[in-house]
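**Q** Okay, these came from TrEMBL:
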- 70-180: domain '3-dehydroquinate synthase N-terminal' (DOMAIN)
- GLY108, VAL109, VAL110, GLY111, ASP112, THR132, THR133, LYS144, LYS153: NAD(+) binding site (BINDING)
- 183-325: domain '3-dehydroquinate synthase C-terminal' (DOMAIN)
- GLU186, HIS249, HIS266: Zn(2+) binding site (BINDING)
Amino acid sequence: MRELTVDLGDRSYPIYFGEGLIQQAGQLFTKHGITSKSPLLIVTDEHVAPHYLSNLESAFAASGYRTASYIVPAGEKSKSLSQLEEIVTVALEAGLDRSSTVIALGGGVVGDLAGFVAASYMRGVKFVQIPTTILAHDSSVGGKVGVNHVLAKNIIGAFHQPEMVLYDLNTLRSLPYREIVAGLSEMIKHGLIWDAEFIAWLDEHTQHLLTLEPEALSYGLYQGCNVKSIVVSRDERENDLRAILNLGHTIGHALEAVSGYNELLHGEAISIGMVGSAKLAVHLGYDASIYHETKRILSKFGLPTQIPTHLNVDQIMNAMMHDKKFKEGSMVFVVPIAIGQVEILKDVSAQLVRQVVMELKEDV
Ligand SMILES: NC(=O)c1ccc[n+]([C@@H]2O[C@H](COP(=O)([O-])OP(=O)(O)OC[C@H]3O[C@@H](n4cnc5c(N)ncnc54)[C@H](O)[C@@H]3O)[C@@H](O)[C@H]2O)c1
Ligand SMILES: O=C(O)C(=O)C[C@@H](O)[C@H](O)[C@H](O)COP(=O)(O)O
Ligand SMILES: [Zn+2]
């Protein structure tokens, strides 16, 4: 079993990576002092529940914990205020109090939603992440939780760190291939923003990752989480450095919003966004090799690098104006300046971004 610590002083927490951790969940909760007279509330989704919910419930029962559970529809549309309200109803009916714990069993959608329930129920209860997608190596670490608004992604939310993260690598075996590919997009992002050696390793192990070879998968997830936890430990509330984790997200979030949150997967949208940021860097005078290398590695993993032609440029530009990095009329963009290194540029011209979006549609 691999282990990492997210270093946040007295709110530090462990990430455990291993096979069969769901079966050990009750023991790990007890080891970490998570006790509760009320039931633990497990939030999951309709694809994950049939595979893993009863195993998790049995593991808790074997350690003397009672559980309640709630299953949301799968997909981005469940990151909504209406789902949050449904879960709060279940929490009240099950008798959760201020000492209770909410558990996310699923991908980033369940993690963000359940985390926001934990952040807001009775003004905050404990939270544990049990990620079941590759993408969730990113979403389960760092404490960003929240839901979407029809006009903008993740616009209602909070920072609420988990007590721990239990990454049971066996769960990844049931992922559809498209979700494996999309999840690897954020792993590549962690290399592009911080670690050129990790990009070289990803390049070498592409097939091992796409086929879920156990040692490659475990190391890739570990190193992705390692980059994320270093950044979060240095700037938990995104005052400055943490914005680098947003590489590709200004364009990517806009693409998700204008396509109705059901066409592009998050990792796919971020892949296109990262190519856009690299293109922007070239327009700003950085070396063209950054763009070619970014596009090459993403394509090698089978990720999209072009905006679907039917999406409207004006709508994409409007959606970008709702980005949380858009401050006082200025577009803030994270751009790669070398492989493994990015810069946060304030005051990027909207005209130039528009040109990049148009080029991304035409694949020039
Ligand atoms: N909070 C953060 O820091 C952060 C970071 C990155 C992404 N996110 C958010 O995460 C979300 C995307 O996460 P995601 O890609 O995990 O999406 P997801 O949670 O929708 O999961 C992807 C799909 O896989 C299914 N699934 C999940 N685990 C499975 C398993 N083990 N076997 C079979 N099917 C399984 C789900 O039901 C869903 O259909 C987005 O909303 C994004 O904004 C948040
Ligand atoms: O943790 C972060 O910080 C990130 O930016 C990680 C992103 O991959 C993630 O998609 C995050 O939810 C985006 O945050 P937002 O503040 O732009 O909504
Ligand atoms: Zn993301």
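Glycine is treated like the rest: Cβ placed from N, Cα and C.
Note that TrEMBL annotation is computational and uncurated.
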**Q** Is THR133 (NAD(+) binding site) helix, strand or coil when read with DSSP?
**A** coil
**Q** Let me know the model's mean pLDDT on the domain '3-dehydroquinate synthase C-terminal' (183-325).
**A** 96
**Q** Under 8 Å between C-beta atoms and at least six apart in sequence, can you list the same-chain neighbours of HIS266 (Zn(2+) binding site), or say none if there are none?
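**A** Listed in sequence order: GLU76, GLY108, LEU135, ALA182, GLY252, GLU256.
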**Q** Can you list, in sequence order, the residues of the same chain other than GLU186, HIS249, HIS266 whose CB lies within 8 Å of the CB centroid of the Zn(2+) site?
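**A** Close Cβ neighbours, site residues excluded: LEU135, ASP138, SER185, LYS189, GLY248, GLY252, GLY267, ALA269, ILE270, GLY273.
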**Q** Running a distance check here. Ligand 2 versus the binding-site residues GLY108, VAL110, ASP112, THR133, HIS249: which have CB less than 6 Å from one of its atoms?
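**A** By the Cβ criterion, which requires under 6 Å to ligand 2, the hits are HIS249.
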**Q** Would you mind listing, in sequence order, the residues at least six apart from VAL110 (NAD(+) binding site) in the same chain with a Cβ closer than 8 Å to its Cβ?
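**A** Looking at Cβ-Cβ distances below 8 Å from VAL110 (NAD(+) binding site), excluding near sequence neighbours, one finds VAL43, THR44, ASP45, VAL48, VAL72, SER78, ALA104.
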**Q** Give me the long-range Cβ neighbours of THR133 (NAD(+) binding site): same chain, 6+ apart, Cβ under 8 Å, in sequence order.
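**A** When sequence neighbours closer than 6 are ignored, THR133 (NAD(+) binding site) has GLY106, GLY107, GLY108, LEU172, LEU175, GLU179, GLY183 within Cβ distance under 8 Å.
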**Q** Given ASP112 (NAD(+) binding site) and GLU186 (Zn(2+) binding site), what distance in Å do their CA atoms have, once rounded to a whole number?
**A** 16
